[in-house]
């Protein structure tokens, strides 16, 4: 105790200061320090393991590389899937397209049935390409990938499709008779209908009176002029009550409705031929149409 009192303040501070080990290799601390990595003096407690410590995180967590790549991959719609992928996924028919594809079907399609289950797409191509150019062809498969025994072939030209039907219909392929029918036809543009002459109906009741009564059997005594009397005889029949030729053919105004009274006396009828009557009738028809 007395020794401590005799020591100076600096010596007391130096004696109470705990020796610190260095973090470098082979620390400089006193005591039993063995100089390991991050070691400290014997009085500084157990050494820490810094191997598992990492730097400060910039994010709360990190995703696995594989999961991140799968998440960042571009999503693709089924619209952009190929025919082969759709057929493999849903089991539809496999179709081979010859040449560039088109969204509009322009060829003539044949439907082939009663095929042997061992017939392949190459067999169909080899068989029907001998007739003409093919746009596409294919065997129909079910969901399990087995052939349904049917196929379809699309020819570029309709004439080739008809020739294929005549050549291969009811012909054996691998021991079975093929049944071929046309299901896709090229419909030519419909021909324009022949325009008939326009039929203009005559007015039945207009400013000229009852046209049917005047010309369809009942001649009212007025034919671009006034007849004598109130005749209602038929145009081709015998007049009644004065009728045809009951007065003079005077060039006055024709009456409306039933025949008016003629302005002439009892003279002889003028000789009128059939041609004159036809001409007058045509003229009256023309005036009736212009008036209406």
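Glycine is no exception: its Cβ is also placed from the backbone N, Cα and C atoms.
Per Swiss-Prot, the feature compositional bias 'Gly residues' maps to 23-42 (among others).
Per Swiss-Prot, compositional bias 'Gly residues' is recorded for 241-252 (among others).
For 280-292, the entry in Swiss-Prot reads compositional bias 'Basic and acidic residues'. Helix, strand and coil counts under DSSP for the compositional bias 'Basic and acidic residues' (280-292) come to 12 helix, 0 strand, 1 coil.
The annotation domain 'RRM' is assigned in Swiss-Prot to 108-185.
Feature annotation from Swiss-Prot assigns N-acetylserine to 2.
According to Swiss-Prot, the region 'Disordered' annotation covers 1-50 (among others).
Feature annotation from Swiss-Prot assigns region 'Disordered' to 241-292 (among others).
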Legend entry - Three-state composition of the domain 'RRM' (108-185), taking helix and strand from DSSP: 19 helix, 33 strand, 26 coil
